[in-house]
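Report on the structure given below.
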Amino acid sequence: MDIPDYPLDLAILASYFVLIGSLTWRIYPQLQLTLQQQPSDKQYSLTNRFLFMGLASASFIATWTFMFAYFVYSYSSWKAYYGVDASFSFNLMSHWLHGVTLFDDAWRTVCTGEWAWAWSIELCTFTVAVWTPIIAIEGSRRRISHIWAYMVFGQVVAISTSSALFFAVCLLHQTQPVLTTTTNINTKTTPSWILIGLLFLVSMGGLITVERTPGLTASDEFLPNLLLMHGLLVLPLIYLAISNNTMTATAATTDEGETSTQQQQQRKQRNMKSYAIIILYTVGAIANMYLIFEQWRRTVDLTTAHPLDIISNLARVFLQHPAQSSISSDVVCVHVISVAWMLVDACTVTVPLHPNFIPLCYPPLYFAIYEFRLSSSISPHHSDTVMNKNK
């Protein structure tokens, strides 16, 4: 067998799939546990976990059917452009990979044009301002290991697939009940201030890169801006991995040596962090919705456009290019999976949120409400009430 003329290009594509396999291997033990019924499961049934595993499979099929179609489209277009008639071979494949830039071409395609960007901006802003804080805060709070792997998996496979897998694993790693005994005031753990600060910086910096993206599609700055967007999102998760201590334990107990003043200080510290997280989610939601609304305002006249025309244009752009179809499928799946999570999680017995509120909730707003209810549940008045019930 002859050595291909451009082995490095083949190796780069192969390494991409090796990376996907390595990430799958990294999170596989957690996914395996997710499919096993645990004797302590009281809040969430095995059915719910299978639901998210099924949604992950569906989103993977939807996005990667079009992704492989994009590979075929790129290969066929390259052969047609250069008038290549030779049959497939690894050497020909190496020439194709050497002559195209798959990652760059795909992203420029989905970011060029108002209607295309109307689809793509939803995934970009969701990943930057919604998904990154959620996966970092909830992953660390629930002590889920290798959180970084879910983010990288989402970037190289699909955000929707990664989010469904992460939510399935979350069902096995519930936050501890606020009160477990009459002598245990709080077993809740909260993210560190460093993590919260990093998430603020990363979310705002990421949104800036998102806002700049459509104006750079014809520029050499496009790829560096895109890589910066992807790289920023991993920073908080790298911090968690390096620190080797995903949480700052803030358990407060009524030991004899602990004064009520110390307990109040600990509650205040926890509440301050919760309020900071609420602000993070709220600011992210506002910035997210603002950027999306502005894009829609540039794309259509919302006061005169007919709904059927809007749907028709969205469908047309969805199918106009395999790369666009892949990212648009990711957007649709992300919305479905987010609603599914809010519906399932709203029934938690620890911090219940009425399911009727779900249609009014955007994921970051939902988590902001969840955080508020969680912080309220550790107030002194709530603690005294629950302790009196336990007597």
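Placement of Cβ uses the backbone N, Cα and C atoms for every residue, glycine included.
Marked as transmembrane segment by TrEMBL: 6-28 (among others).
Taken from TrEMBL, the feature transmembrane segment covers 49-73 (among others).
Residues or ranges marked as transmembrane segment in TrEMBL: 116-136 (among others).
Residues annotated as transmembrane segment in TrEMBL: 148-172 (among others).
Positions annotated as transmembrane segment by TrEMBL: 192-210 (among others).
Sequence-distant contacts of the transmembrane segment (222-242) (same chain, six or more residues past either end, CB-CB distance under 8 Å): 104, 107-108, 111, 124, 127-128, 132, 135-136, 139-140, 146-148, 151-152, 155, 194-195, 198-199, 202, 205-206, 209-210, 212-213, 216. Here TrEMBL flags 222-242 (among others) as transmembrane segment.
Taken from TrEMBL, the feature transmembrane segment covers 275-293 (among others).
Below 8 A, the CB atoms of the transmembrane segment (192-210) and the transmembrane segment (116-136) form 3+ pairs separated by six or more positions in the chain.
Residues 109-110, 147, 150-151, 154, 159, 163, 166, 191, 195, 199, 202-203, 206-207, 209-210, 213-214, 229, 232-233, 236-237, 240, 277, 280-281, 284-285, 287-288, 291-292, 295-296, 299, 314, 317-318, 320, 324, 327-328, 330-331, 334, 363-364, 367 of the same chain sit 6 or more residues outside the transmembrane segment (116-136) yet have a Cβ under 8 Å from a Cβ within it. Counting same-chain residues at least six beyond the ends of the transmembrane segment (49-73), those with a Cβ under 8 angstroms from any Cβ of the stretch are 31, 34-35, 102, 106, 157-158, 160-161, 164-165, 167-168, 171-172, 321-323, 325-327, 329-330, 332-333, 336-337, 340-341, 344. Beyond its flanks by at least six residues, the transmembrane segment (6-28) meets 90, 93-95, 97-98, 102, 146, 149-150, 152-153, 156-157, 165, 169 of its own chain at Cβ-Cβ distances under 8 Å.
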